[in-house]
Structure formats: C-alpha cells, structure tokens
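Heads up: the structure comes next, in structure tokens.
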Amino acid sequence: MSIQITIDGKTLTTEEGRTLVDVAAENGVYIPTLCYLKDKPCLGTCRVCSVKVNGNVAAACTVRVSKGLNVEVNDPELVDMRKALVEFLFAEGNHNCPSCEKSGRCQLQAVGYEVDMMVSRFPYRFPVRVVDHASEKIWLERDRCIFCQRCVEFIRDKASGRKIFSISHRGPESRIEIDAELANAMPPEQVKEAVAICPVGTILEKRVGYDDPIGRRKYEIQSVRARALEGEDK
C-alpha cells in the first residue's frame, strides 16, 4: 500500500513496510550503516544509522515505514551522534588504516570520511587480541572487529547450515571466533564472500594481499555514499 512519510521536512511517497534506510537512499538521503546489508535480515548492531522517528532516536535499519512517519536525519545533534558512534568504533579497536590490507575497501574507513571524522574524541584503547590463523584459508585479525555480526549470521556452512563464525565472551573480553574445520571446507567463492561482507579488515584471505592498487580500490572508485544511494552498497 502506498503511504506518505516525511524525511527532513520533505514529503515522500513509498510502500508501507519497507526499510527506512532503503527508502531514504532511493530519495537521495544518505544514512550511514555498517551492519546493514540490503535484502538481508536486519541486525541493528552498530547503531551508526541512528535517526529520529517521530521524535525518538531509532536505528533506521530496524524501522519499517508506516503512514505519517516523521523522520529527522540531518539534524545537527543526530549528525554528531552518528559521528561519535563511528569514533567509538575507531577508539575501541586497532584500526591502523595505512598498513591495513582492507584500506580503500574498508566500509568503516569510508564511513569515517563521510561523517568528517579526523581523529576520535575518545581515548584509544589499543586492545590486545590474539590473531587466529588456525584456518587454512582465513586469517582472523580480531583487534579490528566491530562486532557487526554480519559474518556470524550470513556466512554458514553450505552442507549443514552451521555458523562458521561466532562471538565468544562478553563485554571488553568479547572476541570473534572461527570454526577452523568448517572454514577449511569453505569453497573459494565463499571465502571471498566472507572477506567482502566484513566491513573492516578482520576477515582476510590467506595468500592474497594488497591486490588492489591504490587509486583502484573499492571506495576510491566510488564513495560509500554514492554506492548506498544507488542501492549497491549499504
């Protein structure tokens, strides 16, 4: 059913029940995301897509549009909130962009540029997390993980449907885990899918590195904003 909603004072016509992030993008309004993937079940873990819906802060990827919805995206308070959330993620992990293999292809890095982050306002933690290289095909850089849970939910063993990745422990001790036995059975295309689905440089394919020349990397060719507005990258 066609309905009308308002985004930043502009009245739009869309279909009831669609995801707010997608509706906004189709109407030229960019809302940054890190855990959301178009046409996949919503995770709502990163909160980087926070907006106001009828006066209340909500994660846009979790909101299904309905008649009369009033959405604020570019309010200064919200813009700073989203920037702060990105800064938190940079401060919590070890994101050394110049030396990271994912630089230029990293969604966190690209979103950082979009929210005008230069340096985090929060003290950096520099956590020490053990690298997991038990798998024959995947190198797991735990200290870069932002716990978006994309890999946990969407990368599964082809035969059994079991999860290949998981998160163990709680709070500051949380860390990403990999089932080496299941990972060793992953076909090459699924390994590449796992690397691509990770928004940072946590999941890396062994024996493949720095194969995209500077100037030809994903977000150098087209920004994360442009990709999102075209529905190609969330």
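Cβ atoms here come from the backbone N, Cα and C positions, even for glycine.
According to Swiss-Prot, the features are:
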DOMAIN    2-77  domain '2Fe-2S ferredoxin-type'
BINDING   CYS35, CYS46, CYS49, CYS61  [2Fe-2S] cluster binding site
DOMAIN    77-116  domain '4Fe-4S His(Cys)3-ligated-type'
BINDING   HIS95, CYS97, CYS100, CYS106  [4Fe-4S] cluster 1 binding site
BINDING   CYS145, CYS148, CYS151, CYS198  [4Fe-4S] cluster 2 binding site
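The structure, with features from Swiss-Prot marked on it.
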residue : record                          : Cβ within 10 Å
CYS35   : [2Fe-2S] cluster binding site   : 24
CYS49   : [2Fe-2S] cluster binding site   : 25
CYS61   : [2Fe-2S] cluster binding site   : 26
HIS95   : [4Fe-4S] cluster 1 binding site : 22
CYS97   : [4Fe-4S] cluster 1 binding site : 14
CYS100  : [4Fe-4S] cluster 1 binding site : 19
CYS106  : [4Fe-4S] cluster 1 binding site : 23
CYS145  : [4Fe-4S] cluster 2 binding site : 25
CYS151  : [4Fe-4S] cluster 2 binding site : 26
CYS198  : [4Fe-4S] cluster 2 binding site : 27
Among CYS49, CYS61, CYS145, i.e. the binding-site residues, the one with its Cα nearest that of HIS95 ([4Fe-4S] cluster 1 binding site) is CYS145
Using a Cβ-Cβ cut-off under 8 angstroms and a sequence gap of six or more, which residues of the chain neighbour CYS148 ([4Fe-4S] cluster 2 binding site)? LEU34, CYS35, LEU43, THR45, CYS46, PRO199
Taking the mean position of the Cβ atoms of HIS95, CYS97, CYS100, CYS106 as the [4Fe-4S] cluster 1 site, which residues outside that list, in the same chain, have a Cβ no more than 8 Å away, listed in sequence order? ASN96, LYS102, SER103, LEU108, GLN109, ARG144, VAL200, GLY201
Within 10 Å of CYS198 ([4Fe-4S] cluster 2 binding site) by C-alpha distance: pick out those among the binding-site residues CYS49, CYS61, CYS97, CYS100, CYS106, and say none if nothing qualifies. CYS106
Mean per-residue pLDDT in the domain '4Fe-4S His(Cys)3-ligated-type' (77-116) works out to 96
For CYS35 ([2Fe-2S] cluster binding site), which of the three DSSP-derived states applies: helix, strand, or coil? coil
List, in sequence order, the residues of the same chain other than CYS35, CYS46, CYS49, CYS61 whose Cβ lies within 8 Å of the centroid of the Cβ atoms of the recorded [2Fe-2S] cluster site. VAL21, THR33, LEU34, TYR36, CYS42, LEU43, GLY44, THR45, ARG47, VAL48, ALA59, ALA60, CYS148
Rounding to whole Å, the Cα atoms of CYS106 ([4Fe-4S] cluster 1 binding site) and CYS151 ([4Fe-4S] cluster 2 binding site) are apart by 15
I'd like to confirm something. Which of the binding-site residues, CYS49, CYS61, CYS145, CYS151, has a Cα closest to the Cα of CYS100 ([4Fe-4S] cluster 1 binding site)? CYS145
What DSSP gives for CYS46 ([2Fe-2S] cluster binding site), in three states, is coil
